[in-house]
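Quick look at what TrEMBL lists:
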ACT_SITE  C:Glu141  active site, proton donor
ACT_SITE  C:Glu295  active site, nucleophile
BINDING   C:Arg104, C:Asn140, C:Trp303  substrate binding site
DOMAIN    C:7-369  domain 'Glycoside hydrolase family 42 N-terminal'
DOMAIN    C:379-562  domain 'Beta-galactosidase trimerisation'
Amino acid sequence: MQIYGADYYPEHWDESFWNRHIEIMKEYGIDWVRIGEFAWAVFELKEGEFHFELFDKIIKLLKDNGINIILGTPTATPPAWLIRKFPEILPKDYNGKVREFGSRRHYSTNSKVYREYSARIVEEYAKRYGSIVDAWQIDNEFGCHGTTYSFTEDDRKMFIEWLKEKYGTLDNLNKAWGTVFWSQTYSDWNEIGFPINTPTFENPHQMLDIYRFMSDSSIDYMNMQIEIIRRYSDKPITHNFMVDFMDIDYRKMAKYLDFVSWDNYIATKEYDPLRQSANHVLMRSLKKSPFLVIEQQPGRVNWRDVNENYPGEYLNMWTKQGYINGALGVMPFRFDQIRFAAEQYHGGLLDYAGRPTKRLEMYSKVKSETPNVVESKKEVAIYFDYENEWIHRINHVNRKFRYWDNIIEIFKAVRKLGYNVDFVFADDDLSEYHTLIVPYAFKIGNEFVEKIKLFKGNVYMTCMSGLKDENNWIVERAPHMLIDEFGVEVMDFGAIDKSKANILNADFEVDYWMDELRVYDGKILGTFDNGMPLFVKKSNRYYLASVLNEAGWLNILSRTLEPKFIGSDVEYSEAKDGIYILNLKNERNNIFIGSQIIELNAFELKVIK
Amino acid sequence: MQIYGADYYPEHWDESFWNRHIEIMKEYGIDWVRIGEFAWAVFELKEGEFHFELFDKIIKLLKDNGINIILGTPTATPPAWLIRKFPEILPKDYNGKVREFGSRRHYSTNSKVYREYSARIVEEYAKRYGSIVDAWQIDNEFGCHGTTYSFTEDDRKMFIEWLKEKYGTLDNLNKAWGTVFWSQTYSDWNEIGFPINTPTFENPHQMLDIYRFMSDSSIDYMNMQIEIIRRYSDKPITHNFMVDFMDIDYRKMAKYLDFVSWDNYIATKEYDPLRQSANHVLMRSLKKSPFLVIEQQPGRVNWRDVNENYPGEYLNMWTKQGYINGALGVMPFRFDQIRFAAEQYHGGLLDYAGRPTKRLEMYSKVKSETPNVVESKKEVAIYFDYENEWIHRINHVNRKFRYWDNIIEIFKAVRKLGYNVDFVFADDDLSEYHTLIVPYAFKIGNEFVEKIKLFKGNVYMTCMSGLKDENNWIVERAPHMLIDEFGVEVMDFGAIDKSKANILNADFEVDYWMDELRVYDGKILGTFDNGMPLFVKKSNRYYLASVLNEAGWLNILSRTLEPKFIGSDVEYSEAKDGIYILNLKNERNNIFIGSQIIELNAFELKVIK
Amino acid sequence: MQIYGADYYPEHWDESFWNRHIEIMKEYGIDWVRIGEFAWAVFELKEGEFHFELFDKIIKLLKDNGINIILGTPTATPPAWLIRKFPEILPKDYNGKVREFGSRRHYSTNSKVYREYSARIVEEYAKRYGSIVDAWQIDNEFGCHGTTYSFTEDDRKMFIEWLKEKYGTLDNLNKAWGTVFWSQTYSDWNEIGFPINTPTFENPHQMLDIYRFMSDSSIDYMNMQIEIIRRYSDKPITHNFMVDFMDIDYRKMAKYLDFVSWDNYIATKEYDPLRQSANHVLMRSLKKSPFLVIEQQPGRVNWRDVNENYPGEYLNMWTKQGYINGALGVMPFRFDQIRFAAEQYHGGLLDYAGRPTKRLEMYSKVKSETPNVVESKKEVAIYFDYENEWIHRINHVNRKFRYWDNIIEIFKAVRKLGYNVDFVFADDDLSEYHTLIVPYAFKIGNEFVEKIKLFKGNVYMTCMSGLKDENNWIVERAPHMLIDEFGVEVMDFGAIDKSKANILNADFEVDYWMDELRVYDGKILGTFDNGMPLFVKKSNRYYLASVLNEAGWLNILSRTLEPKFIGSDVEYSEAKDGIYILNLKNERNNIFIGSQIIELNAFELKVIK
């Protein structure tokens, strides 16, 4: 990897601590830090009175010691004076309740006045440090804590502007939203608002536009900052994305960034390595290029119900997992552990007394093991669309179904067979992949329909695909424009609970959904327990009329994807320069490749060139 | 039955679709439609600018084709311009939060300005179509989505007026409400409000009056519309009631309607045929006359967490179930399936491409099987009172107890023994029934106490009966004025969890409640597991000191109600013109009547004259 | 005991009932009543128009009949006219929502206007009855229903005043609160508010100060009343504390009271005798002197989901349990059972018809069995601190851990070994105890650190102790200033779920927390299942690195605390005048003391002198 470092908060310490911190960094090979992203009040404690002394000093000290700097803009934390002066900056949640000052992210991206104050502080940062620092981070974790969504009067006004831009006329909007239903037809733009605490279900077309608008609002707010920085700095700009996060269309947001960064925290009760890996791969897939883990969970965090500790070996392994999935760097959050404030229980690379920990030691060992940036071979493509995630949230046939979770089931199956995955978006080039999976893809635009038709290899498509259009209307006949391609038509459908089914006469578990298929010219390979067609093949096109779990997918995919290795609890990746195998267990393990045994120590990364 | 039809939404389609729709209707024997009940914005997209063209045209087309019309007033969906102009129309929920525009039923029935605008649109409907259409529906599903309850300033003012009317003086109110407790005594009418988000329990007398007032508000708002329509039309007027719905006193509301209609949707996770039947019977019992199923679930709905699909045979069977319980018609909701809006996943008789479905086919077969209106013999009466349901909700001994659910347990037991049930209200005539059950009847007015005393046949009364007065006070001695009649006094009581008991030395399960009885001159037939009296007989009067489930009731009732048939999964009904037997299973079934076997095909209805 | 009586509400009855009530009181030995604490509107139904007639009359009647009176001030129930006039009196909950009129405790203790009106009514009470009544109760159950906490503008202003008093300068506050984190630094006092509905975690130092301030607000409001009463009366003043209640620092509040009272209600689903006992002991420990059970659950209550009834024998036993734990009296709530209002289902000593119950009979039998006030020997001290309870609530390592519940586990273990417990506070004298337990004591001030060091007997300290300072910062090295004393340092820590561990090679269950200990000079007596030290002894100092349940504590404590008896389901207490043994079972039971058998009838209290 190219970036070894940690997130650092010099403002949390008396400056007498700084030299000791930097000494430890140098001793342990840390030569990148990210700083400054929550420090607005350090610079501007009172309106318009700017103080640069602290950061001037620490930035010089870091650079003098050969440490590279990523500087974060501090807009995730508007200071108290600003909120007291303009309380309308505060966001309102979906219950219409104001989210008050006292933690972070207490602003609406659409607040006019907040945009002005944000622009000013960002310009101050950019002017002063634009030529000194090595990279930029915009704000911090857009959308964290549900803050993508805000429903203030400023938000409403901007939503109306966004709608005018999109639809041109009210008549277009009324048609697209089907407002004739329940007399929702608008006769004036200003009648449009947010469906807060409505007696019953919202308009699903309006909801999809709300999700789009809110995602665009974050992107637009970010771009306002990027434009300012570009005026003063030619350094690369990034933003830290989040794990399992779907509120913002990261594909769209990533287009404006020089590289993608993300914050790798364990999102499940137990550490689930292939789920974290799916997130790494999604991040790599956004720009189809290397990404930075700009925050890496070091051990214990503070925001779970039960915050367990992890021995230092885990940080070592997590870092190697980022590496084999294409990371250009991994930076533990955070270098210094603080004794105060909302994150006082969050672990760091130092301990509360400022002493280096086992975690720091184990992290520093990674450097020699991860020399380059790994470039995976292209093998299996899984179609993904943030907007489809939003459609899945809105009115529903089965409220229990989760889009991303069920895509991860497929991802895991493919990875356990030893194949690399890329998530592909509608405008991606598919020519290098040999297999394409199109799961639960409610809306498939014409562009991607054509790519499916032209795809040379095997294509697997599932239920809930090609069932909706751009406006979240149901299509007349499904799968839309792909009936001939797959040889089936979805005549009707309904939700199901877990039930038995058979594929090639073996038992499978299906869940969530049942298509009622009319099969035109496919071969039926499996049935539901009521005898209706479940799995249909037409040449190298496969249609699955329900939802399978990982085991089910592993079973059906293994008929066209020969397993590359036999074994478990490893992550296996064929890259352009060799095979990378990471033991995910904290004990000895082995796998077989053909008749060859590969033995691995606890958490060992082995590279076969 | 007399009405075969479906609910239809011509405004959701370009008029080029209408002819095809009507052709299909005629082909499948549909000669009634309900239309118009959400179409306000079609008529009045801008304030005061009325457009009748669309409905003029479709109404003519339908009538020209021999299709009868029920026209719904559109007040369940006030349009956007009206809400934007008068946001005070919006209801406030019990948390004091406004329920915003964006779905339906977003109005308070007590809004002064809304009543004015409602009157105007209703008058427009009535004037124009009063002599053309065949029946009227007022509004749509009063109280749906919890909208019986609203707590705006208009609601508060009307509540105070209602209280003045009821109590005359504040002193009367203070006494009835026991306001001396916790210093709640009012010295001015305007001090009275709603107990929103109170630190602890509300005044139970005030709560009962709030439930009464809110129910009356819907009735009063409805009557305002009825009066207008009667000025222009002599056609029958109805309103569509709901399944398992207790927020409005339907008995009181039904008095103002020409006939009762209701919307038959499955309210439980699994289809529970006798629960639906209990609802049919409750609807029949409101006016003791035939009712219309004005909306019938066709298959899949859209508002559940898991919206399963039902094969078309179910619609056939559901329709026959309505029939044998006294329906004068069944109308599936809806004829046309739409691709957009909040109900896009709701099934219809057509599919998304406009093609007839199996459901439509199966529905059309019903006509020949259901020639008349079935008139059940009067056998068993179960006492019911909407106000008692409200009393059960308010402060409680066992918060887990549900009045209607536990009455359904009794209903099922009686039906499984082959007897017809009528729900009877305090002012009903009991002379034709041979058995009377008085379950969980907290408040029994003097009028009904006398009817119990005079009843010739067996009377079963349970715990929680005769324990409260009109104002929701506990009586001094219980059961009120019936201690001599049943030979027992309730000395004390408390909640219990499920526990064992014995009746005639067999094991029973009791739940929820335990009376501590003093037995004066009854014979003890059962005991709790602590040895206290549970079931006491005095001549043909039975008192049960706890709550039994269906199996328990079936057991004790079968000693006085000889089973009319032996078998299961059928609905059996003796009517004036024969015995109706409906197989509730989608497979073959049989029952025995004496030694005679009755064989039934899947979902078959057999009539023995 | 010295006080036998009941809570009585003469204002709930027509005065024609009073003589009968008093006759029954005298017949059953009731010679104390508490009255008046919710009667504001009886005295002042309209602003400034005072009516004393009712209470003048009943107070004279009671005194004439030799019945002593505790008079409660009525400020828990501000009347309707006052709230209508000044709605700003109403509290706001932590969601920012107003808690409306309609139950009780609907006021903020910091409301300026409410303090004025409170002072006036209290002065009226004190002037008129100061020389007549025998004791005073201030208000009723401060903090009940979550009302310790209110977040109105008055609250905010008073909070700022409180902070100014505490910190002097904003700079001190900013440092103590670590506001540099997330740019929360304040530049003006008026920027400070409450963190309502914040996007994510609040500032933990601010939260601790909020808890302190809210507790102080109740105390301050109470003291305002006490000062007024003292001007007119020399009778003792108390307040009724609550079971398992931690929102107010009762230790601090108790300093201003002449004696402690509390309301003994069962707080768990099943009656858990030693939990109630822990509450008795906590009450006794507040002033290290006898306390009054001013409200005793009589049987059924009304505020649970499932309100079961208890046979009268229970009231007898509960009263004796209060007695052996040092009560100077027990007063069932309430004498008269009412048929109306929010507590209509709450049991009393009379029934709904005004007849004496078995409960009254069983209560009256207690008098002869409980002649004196029991004075327990001092044996085991458990360190307790209300502020530590608050620290446990705030940001967390394991959100499932409950401070008081886990202290009760220890309390039960000690009591089952036959030893008395006192809860000790930082400024208590420890010289008479032979064992000290310091459990889960996040913050231990220097004063108590010294007491630990000087303690002669065995000291048991646990994880989560000495880890925080006064401001809720984590200390640099833990346990703070006690590393040498216990021979261990906590190097790191994390949450755990239930898991196996061993102590002296026996299996134990540990839960919630795991310290990673460095052991300097202790002897390791137990390990976690990963082999890390769990239980360490250095001379007579024991450190436990996790949380044990009752069984675990009983096991490790029994090595230094020889069991005084063998048996179960009794409460055993060595007092200065003998051994008190209460059978907690409603059936025969026995225990052994050495070889001597002690036989006990159902719920029997035996005293061995």
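The backbone N, Cα and C atoms fix where each Cβ goes, glycine too.
Location within the structure of each feature annotated in TrEMBL.
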residue	record	Cβ within 10 Å
C:Arg104	substrate binding site	24
C:Asn140	substrate binding site	23
C:Glu141	active site, proton donor	20
C:Glu295	active site, nucleophile	23
C:Trp303	substrate binding site	15
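Summarising the substrate site geometry, the residues cited as binding it (C:Arg104, C:Asn140, C:Trp303) extend over a maximum Cα to Cα distance of 17 Å.
If you average pLDDT over the domain 'Glycoside hydrolase family 42 N-terminal' (C:7-369) in this model, you get 97. Spacing of C:Asn140 (substrate binding site) relative to the residue listed as 'active site, nucleophile' is 11 Å (Cα to Cα, whole number). Rounded to a whole number, the C-alpha distance linking C:Trp303 (substrate binding site) with C:Glu295 (active site, nucleophile) is 15 angstrom. Distance noted between the C-alpha atoms of the residue listed as 'active site, nucleophile' and C:Arg104 (substrate binding site) is 17 Å. Across the structure, C:Glu141 (active site, proton donor) and C:Arg104 (substrate binding site) are spaced 11 Å apart at their Cα atoms. Chain B comes close to C:Arg104, C:Trp303, taken from the recorded positions C:Arg104, C:Glu141, C:Glu295, C:Trp303 by a C-beta to C-beta distance under 8 angstroms. In this structure, C:Arg104 (substrate binding site) belongs to neither helix nor strand by DSSP; it is coil.
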